[in-house]
Amino acid sequence: MNALVNLLDLDADALTAYCGELGEKPFRARQLQRWIHHYGASRFDAMSDLAKSLREKLATRAEIRAPAAITDHLSADGTRKWLLDVGQGNAVETVYIPEETRGTLCVSSQAGCAVNCRFCSTGKQGFSRNLSTGEIIGQLWMAEFAMREQLGRGPKDDRVISNVVMMGMGEPLLNYDAVVPAMRLMLDDNAYGLSRRRVTLSTSGVVPMMDRLSKDLPVALAVSLHASNDALRDVLVPLNKKYPLAELMAACRRYLEFAPRDFITFEYCMLDGVNDGVEHARELLKLVADVPCKFNLIPFNPFPESGLKRSNNDQIRRFAQVLMDAGIVTTIRKTRGDDIDAACGQLAGEVKDRTRLVERGKFGKITPLVPVAASGQPREVRPA
């Protein structure tokens, strides 16, 4: 018996092709897509304007299956976090962040992450596998209709989720073939209808795929920078050894030729005594001098294996002031959902690690080299 086709895996073109295989005309695909993504239908017999013959075909050949919630936590500040079962011993986390004028969903793209950034708790679990398109868009599908139920909104009311950030577990550009169709559905007016400015992909700097994305589907781009020079970034973001800062900055400039926004957002995790000195801020000014940008400074959320500490608020403000004095728009991210471990860098989920990262002791005993100052010689810093 053939496996059922999960219709959440199909963007508009793929769904049209699938309906063609069933002997149906393209308008049936549009109807079907609307039932799934506008109304949250998971049963074909509820799709009243589809021909009965099509509903019967779909019932035996297809399904609408999003990842199932294992846990569902609501923070005191309204942040809501789901732990979602994606099978094979893996679970990923998805977070909804309410704000006064928008609702943002933070979406995962992989079970675990192979990039292994020094300050991120996702990386400490290693990497299992890429998520499918259905598992990615299924997070938005599940969260939108769960939030509608929570807030008492009907199918004709405005959507709850107005923004999506691909900033959850995983490196999206290392799962390109599943992430792009999922984002096409986010942008599709017959699905979620988000603008390219309201879908943000965050990358640690996979340069070739940044170039590819700029041609295929240029959404808003955020780059996980976190360091002002290669020596430091090699330690904090190991991918930098493959795509150093000069290549990354050049890729950012190329991306802006196609981007829906006229700036790149640089994310910068503030680590006490590591990357938070005024000298680092000054070096950043030189690094991004010809890249229109804004900075999002992120107070570090500690976890035991990191051996790192959060910069104090005064130091973060001093750092931000250097950037702002140079005319760079700079924000300090407000910590949300930390009472349910939903803040930035805290998403961990459950990962059946194929890389055996934890087993091989890749955390806890690391003593990375970090510069004393931006222009100084590296010294050894042992975990706290």
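Cβ coordinates come from backbone N, Cα and C, glycine included.
Summarising the annotation, Swiss-Prot assigns active site, proton acceptor to GLU93. Within 10 Å of the C-beta of GLU93 (active site, proton acceptor) there are 25 other C-beta atoms, taking all protein chains into account.
For CYS344, the entry in Swiss-Prot reads active site, S-methylcysteine intermediate, with the evidence type sequence analysis.
The [4Fe-4S] cluster binding site annotation in Swiss-Prot covers CYS113, CYS117, CYS120 and rests on sequence analysis.
Under DSSP, LEU225 (S-adenosyl-L-methionine binding site) is assigned to coil, being neither helix nor strand in the three-state scheme. For LEU225 (S-adenosyl-L-methionine binding site), the same-chain residues 6+ apart in sequence whose C-beta sits under 8 angstroms from its C-beta are ARG233, PHE266, GLU267, TYR268, LEU284. According to Swiss-Prot, the S-adenosyl-L-methionine binding site annotation covers GLY170, GLU171, SER202, SER224, LEU225, HIS226, ASN301.
Within 10 Å of the C-beta of CYS106 (disulfide bond) there are 27 other C-beta atoms, taking all protein chains into account. Annotated disulfide bond per Swiss-Prot: CYS106-CYS344, in sequence order.
Swiss-Prot lists 99-339 with the feature domain 'Radical SAM core', giving sequence analysis as the kind of evidence.
Proximity to ASN301 (S-adenosyl-L-methionine binding site), judged by a C-alpha distance within 10 Å, picks out CYS120 from the recorded positions GLU93, CYS106, CYS113, CYS117, CYS120. Take the CB of HIS226 (S-adenosyl-L-methionine binding site) and look out to 10 A: across all protein chains shown you find 25 other CB atoms. Nearest Cα neighbour of CYS106 (disulfide bond) among the listed recorded positions (GLU93, CYS113, CYS117, SER224): GLU93. The binding-site residues shown are GLY170, GLU171, SER202, SER224; of these, the one with its CA atom nearest the CA of GLU93 (active site, proton acceptor) is GLY170. Pairwise Cα distances among GLY170, GLU171, SER202, SER224, LEU225, HIS226, ASN301, which the record gives as the binders of S-adenosyl-L-methionine, peak at 19 Å.
Neighbour list (SER202 (S-adenosyl-L-methionine binding site), Cβ cut-off 8 Å, at least 6 residues apart, same chain): VAL165, MET166, MET167, PRO172, LEU221, ALA222, VAL223, SER224, GLU267.
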